[in-house]
Amino acid sequence: FLFTNLKSKFHPGMFARVWIPDPEEVWKSAELLKDYKPGDKVLLLHLEEGKDLEYRLDPKTKELPHLRNPDILVGENDLTALSYLHEPAVLHNLRVRFIDSKLIYTYCGIVLVAINPYEQLPIYGEDIINAYSGQNMGDMDPHIFAVAEEAYKQMARDERNQSIIVSGESGAGKTVSAKYAMRYFATVSGSASEANVEEKVLASNPIMESIGNAKTTRNDNSSRFGKYIEIGFDKRYRIIGANMRTYLLEKSRVVFQAEEERNYHIFYQLCASAKLPEFKMLRLGNADDFNYTQQGGSPVIEGVDDAKEMAHTRQACTLLGISESHQMGIFRILAGILHLGNVGFTSRDADSCTIPPKHEPLCIFCDLMGVDYEEMCHWLCHRKLATATETYIKPISKLQATNARDALAKHIYAKLFNWIVDNVNQALHSAVKQHSFIGVLDIYGFETFEINSFEQFCINYANEKLQQQFNMHVFKLEQEEYMKEQIPWTLIDFYDNQPCINLIESKLGILDLLDEECKMPKGTDDTWAQKLYNTHLNKCTLFEKPRLSNKAFIIQHFADKVEYQCEGFLEKNKDTVFEEQIKVLKSSKFKMLPELFQDDEKAISPTSATSSGRTPLMRTPAKPTKGRPGQMAKEHKKTVGHQFRNSLHLLMETLNATTPHYVRCIKPNDFKFPFTFDEKRAVQQLRACGVLETIRISAAGFPSRWTYQEFFSRYRVLMKQKDVLSDRKQTCKNVLEKLILDKDKYQFGKTKIFFRAGQVAYLEKLRADKLRAACIRIQKIIRGWLLRKKYLRMRKAAITVQRYVRGYQARCYAKFLRRTKAATIVQKYWRMFVVCRRYKIRRAATIVLQSYLRGFLARNRYRKILREHKAVIIQKRVRGWLARTHYKRSMHAIIYLQCCFRRMMAKRELKKLKIEARSVERYKKLHIGMENKIMQLQRKVDEQNKDYKCLVEKLTNLEGIYNSETEKLRSDLERLQLSEEEAKVATGRVLSLQEEIAKLRKDLEQTRSEKKCIEERADQYKQETEQLVSNLKEENTLLKQEKEALNHRIVEQAKEMTETMEKKLVEETKQLELDLNDERLRYQNLLNEFSRLEERYDDLKEEMTLMVHVPKPGHKRTDSTHSSNESEYTFSSEIAEMEDIPSRTEEPSEKKVPLDMSLFLKLQKRVTELEQEKQVMQDELDRKEEQVLRSKAKEEERPQIRGAELEYESLKRQELESENKKLKNELNELRKALSEKSAPEVTAPGAPAYRVLMEQLTSVSEELDVRKEEVLILRSQLVSQKEAIQPKNTMTDSTILLEDVQKMKDKGEIAQAYIGLKETNRLLESQLQSQKRSHENEAEALRGEIQSLKEENNRQQQLLAQNLQLPPEARIEASLQHEITRLTNENLDLMEQLEKQDKTVRKLKKQLKVFAKKIGELEVGQMENISPGQIIDEPIRPVNIPRKEKDFQGMLEYKKEDEQKLVKNLILELKPRGVAVNLIPGLPAYILFMCVRHADYLNDDQKVRSLLTSTINSIKKVLKKRGDDFETVSFWLSNTCRFLHCLKQYSGEEGFMKHNTSRQNEHCLTNFDLAEYRQVLSDLAIQIYQQLVRVLENILQPMIVSGMLEHETIQGVSGVKPTGLRKRTSSIADEGTYTLDSILRQLNSFHSVMCQHGMDPELIKQVVKQMFYIVGAITLNNLLLRKDMCSWSKGMQIRYNVSQLEEWLRDKNLMNSGAKETLEPLIQAAQLLQVKKKTDDDAEAICSMCNALTTAQIVKVLNLYTPVNEFEERVSVSFIRTIQMRLRDRKDSPQLLMDAKHIFPVTFPFNPSSLALETIQIPASLGLGFISRV
């Protein structure tokens, strides 16, 4: 590129960076040190190494160095996105991607450049395939899967056949790339039949690799042949078959290998497996024992086990249908070739040779081939010559014999190769018509060696043809792009290699002259070379002759000049084999060998195989070559060159009829070092493979292309506000005219702007300058603000310091004044204290003396008084004792006299009473009044008893008072005695004290003298003590510290132990949970696999039915019982069907479809498992039946005790009263609610309807009052009749009462009466408790209503807030719509409540009638026991009592023949969007369970089994038919779970019954245990859940990448980088693109549908968690596969999007569902994009932060991190290595992508229903009029 005035294009002071040639690195980067001026001959450059260089320009061309691209463009996915397109830019971009980012794929326009990493990379798994499936080619990072997806998509979209052309050097990775492309097609498309065609297509690879690949010095698995595989597809684009064509097998490798190379793999695989029993007959040994396998000296490939590879080869042969006998035949022939190579010859003379007799290798060869030894030995040493007149046999020399042996071996191997290819094609052939195909061409790239022979000539000839086709296709695409955008088309000059092709293949071309020389009897390589020189030298510029050789020629190919040695051309072209040797082989007894040599005149190429199944490709057959008659009869007479040219023409016709896709494989180094880039070798291959030619064609025009919107978004910063118009196109035009003055540098197309090379770099430079200037301005303002803020802070700090210093000085002065004043005060108080203390001591001594003296006088006076008082007390006591003794003696005598007299009188009275008592029975009836007397006597006795009790109490009180006074006197006496003793003691003490005072005075002087000594000792002791105390304190402090340290250690150890135990407990708990989840997941996966096999089995059954029974024309009716007999989940029907149907379909399957062994083995295994399950279930059934029989027998033996009829009526009456009361309350509440809601706007339109409603309610309430009065009357009658029918005697009431009293007195029944009273109290208390519970229930209901009102209020507020955000017109419309909806819902609710009240009233009427009838019957039965007089005395109110009707028990009855109609109307034809919207959630499940209840009530096991089986099969049918509809799947998941919960809730098991009401417990199943069916329904629910997840995944998947990654939710954060030829999806939201709002709307839709269907809340949480996992996994997977998405700004966008999803979870109260945790890997990946990535601390932070990401994912994100602006920095390789070193100990999965198909194991927590079965109403819209309530 010529460039001038470089400095003007770049920032002042910064010069351009350029590329200069370098002999070692090919190109080196340098920077100009001085501006270039026209005419300068030298450029001053500064290399990146730090050296300065003077670069001299070429004086002839005066071409300047190539400019470097800006750093922001380096590492792009597409080379055409580079602004400067040239060889160094391409090489540098590939190197940066390969070495720094570890990316091996790069686009170059329409070409995918693949660099062999020589290392296994985790980028080819099924998860990667799924990630690329359905994506646009430019949307994902370059990959072979992206090319394969593009081919597959174009085939389906354009209905045109496709080709993928993979080329490159040996060892560049062609075979692996082609293999991965085929694997992609096999995985994505699947197969149209169940024959696993895709597995067979992939199985052909190991076979072809074993017989066609070998180790070379450049590659351990080099393909030594070219192949073109056509993969056929049907109209639904599923694989139906394949066909393979091969080209130019390197036969010479069979007999010769160079140093460090090997023969074909199959020979070494045979030798490695020689010890197998079936291979004993081949008599093989080590590979070193055979001439054909030991020449290279490298029989082993490192890391490859030939024995295992042999097993894989045999397995692939079996899968492709090659029988064991044919396989052994192949191995026999291959072993024979090895033994043939060991046949040796001995020379007899110069022209003849012989083979030793009974030569072992030849004997083995003949035995294996089944030919005669002598005949073979003869023709190996002789040949037949035929002339015009005679034929004679001529011996041959040893060299000729050796060459003939080798030629025979090569010919046998080539024929065997063709035979294997034919058989592979037959196995891959399909009988179904092929609609289209994708061809994968794996062909050798351009080759040039030191010695180039016939093989290299053919290879380079093929590459010339392919390069011509490639150039024309690239040129055509460029032309189409320019014409599409209506840009003036200027002819681009590109290299056309047609002259080179003409030199090779035209008349008198090189191949033509070679074939002509081969026909000459004495033609040699030398004569052919002379003909070439004479024909083409100096006549064709592309043909040259070497200076020093007459046996070589040079051809100028498109890639380079190649010198070919003529030696061996004729021999290799003729490929001569002696005809007699072939005849010997054809006469072999080994049947397979003659098949190899059958004439195949129809074949165009000896290595091609045709297939009659390939119809779509219309190709013209090659014209047959005219020749002598019988020429085509001898196959070996055809030249190899002629055959190769024909097959190449056919290949080019095929490629030209398809849309090609190009993959160019590059070998980065010759030493197979992983991720090592040799620039010389890479440039050589880039030049040879046409990549640089593509770049040159692109650079010649307008290589950089932008859409107007992308240009505006990227370069908006270069525009002023006034430049921005509403028309983006005009805005871009106006801006470009100002920015780029030369209009030839760009063109405006219809949708894109086209730029010349270098212009995008210039625009990027302007953009960077503008952003840099803006950054400088921002920095200036921010720095000024910071410094100003710093100054203000310092000024404020100085003022503060001054204030504090001055304050400190003032405080010091104040302190001085305070101290002076304090000292004065201290002196004053101290002096006062000394005087006061002296005064107090004197005063205290005086008071002590006074107190002692006064005490002595008082004690003397006290002792005198005490003696007088004691004398008086003694006198009083003695006199009182004498008086009491006299009184007691007198009183005792009087009482004794009274007792004697009273005893005498009582005896007389007793005698009279006994006489009267004997005659009292006779006078009882005559003297009734005696009862009153007895009662009076009784009362008197009671009164006397009361008086007696009062007297006893008074006496007790008096005794207590006396005792207390006695105690008080006794205590006083003791106290006085103590005082007297103390006085005596005190007197003695005074005397002793006086004596002691005298002694003390004596001792005082002694003490004073001793005091001085003691004080001296005390001071000394004090000092010692203080010293000891200080020492002890120090020791104590140390001990405390040690104690604290020990305590701290103990606490820490305890804490550590606790934490360790807690961690272990948590880990064990987590491990147990993981094990449980794994087990659950494994079970659910097995269930999923079972359902898949079941569907597959059903499909096979239908196919077999269609094959066996060909349908006749006309309408065929399906049997109505088909659905119930399809797949019954009973104990035996499933097994019977699984056993029966395969037996019926066995014969047709053998006739029509080839047997699939894998499917057969799976079905056989499943049948065995089902048989075992059947046996277990049968045993369980027998055990259950025995238990049922035993329980029935016990029930029959047990006496049935029935309650009295009156108690039953009493319970009925109580229930009736409670229901009446409840009904009245509900009516009052309804009336109150209606009166409250009667707003003007509500009542105005429907006032008449409202009045009618109120009148109806009033009439209903009146009727209820009447019924209540009737109930009260009936109750009174019932009570009176009870009293009437009790047993009565003829005595009067008083007599009965007297007898009862007498009985109570005689028998002690008062206690029994008390017990009865207690029982009555308990009964009343229980009634009180029941009323309390009812009140609590009512309060709970009211709280629920308050909560619902609150929710309604919140919803209204939300709607109001939403309406306020709308414009006025939309607000009015929304409010009207909401009001209409609200009124409609309220009217529906009122009508529903009215209907419920009417039903309840009718029910109560029926119950009243039943009750009245019962009373009537009871009354009639009791009238017989009542006397006529009693009937007359008791007035009876006449009541009208109607007939009794039966109550509803929550069961539904249907006839057996209506079962199919029930299933059809309730399941098969029920549409969730239609009728089911207005139903109670789970209504179908309730109806089905009520039907099951009735069948259980009837004890009809057949009916239960039939209904449940039909239900399960019908749900499966519905889901199979409408399984892609989310509402349908959600509806039936909800109903299946509800049905399962009903079976649990009403199963009768205690664990499920504890949540039921008493009424619900009455509805439990009584006869059958449906636990097995509960398991079946649970499995069905799991299958429906998995189907639901798949449906929502299919709905969400197209939205996720666009909404979470591509769309800019925060506009303007990320700029669009330049893209290449393959445009990515725009981040600007168009009408058809998905945004984050689209995802949130879809999530809202899913959530509302599930809530509407009444799905369990826990199940909704699991679905939401699965949805969020899918969103997070797909987003993260795409992020890991898209380099353009790994930037700082995109990380911010992702975090914002995740926060919106979390907000959605909060709004739906689903934060505890675990959904947020599933987004943690995505959140951490976004944080990883945003954190700093430079230092070791950053690496440590990243390692601790990204604990949810694997090491591979972290490294991948860091490798992909791409700056969008120049201000961002790339992640250095050293930093990534630091991360890898820190994470090397982390044990996580090596898998790169998350498994987006992973489904969490689902659980169905038991959720009982509070809905009463008897209240369920069946809408008429369901069409279930044939079922009736029970």
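Even glycines carry a Cβ here, placed using N, Cα and C.
TrEMBL annotations: computationally assigned, not manually curated.
As recorded in TrEMBL:
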- GLY168, GLU169, SER170, GLY171, ALA172, GLY173, LYS174, THR175: ATP binding site (BINDING)
- 920-1103: coiled coil (COILED)
- 1160-1236: coiled coil (COILED)
- 1325-1414: coiled coil (COILED)
- 605-614: compositional bias 'Polar residues' (COMPBIAS)
- 1121-1133: compositional bias 'Polar residues' (COMPBIAS)
- 1141-1153: compositional bias 'Basic and acidic residues' (COMPBIAS)
- 13-65: domain 'Myosin N-terminal SH3-like' (DOMAIN)
- 74-768: domain 'Myosin motor' (DOMAIN)
- 1509-1785: domain 'Dilute' (DOMAIN)
- 603-635: region 'Disordered' (REGION)
- 648-670: region 'Actin-binding' (REGION)
- 1112-1153: region 'Disordered' (REGION)
Neighbours of the ATP site GLY168, GLU169, SER170, GLY171, ALA172, GLY173, LYS174, THR175: Cβ within 8 Å of the Cβ centroid, same chain, sequence order. ASN116, ASN219, SER222, SER223, GLY445, CYS665, LYS667
What count of other C-beta atoms do you get within 10 angstroms of the C-beta of THR175 (ATP binding site), across all chains shown? 24
What is the number of other Cβ atoms found within 10 Å of the Cβ of LYS174 (ATP binding site)? 27
DSSP on the domain 'Myosin N-terminal SH3-like' (13-65): how many residues come out helix, how many strand, how many coil? 0 helix, 24 strand, 29 coil
Other than its own, how many Cβ atoms are within 10 Å of the Cβ belonging to ALA172 (ATP binding site)? 25
Can you count helix, strand and coil residues in the region 'Actin-binding' (648-670) using DSSP? 9 helix, 8 strand, 6 coil
Excluding its own, the Cβ atoms lying within 10 Å of the Cβ of GLU169 (ATP binding site) add up to 25
Tell me, if you would, which residue among GLY168, GLY171 (binding-site residues) has the fewest other CB atoms within 10 Å in the structure shown? GLY171
Under 8 Å by Cβ from GLY173 (ATP binding site), counting only residues of that chain that are 6 or more apart: ALA114, ASN116, CYS665, LYS667
Tell me the Cβ neighbour count for SER170 (ATP binding site), meaning other Cβ atoms within 10 Å of its Cβ, over all protein chains shown. 20
So what's the average pLDDT for the coiled coil (1325-1414)? 70
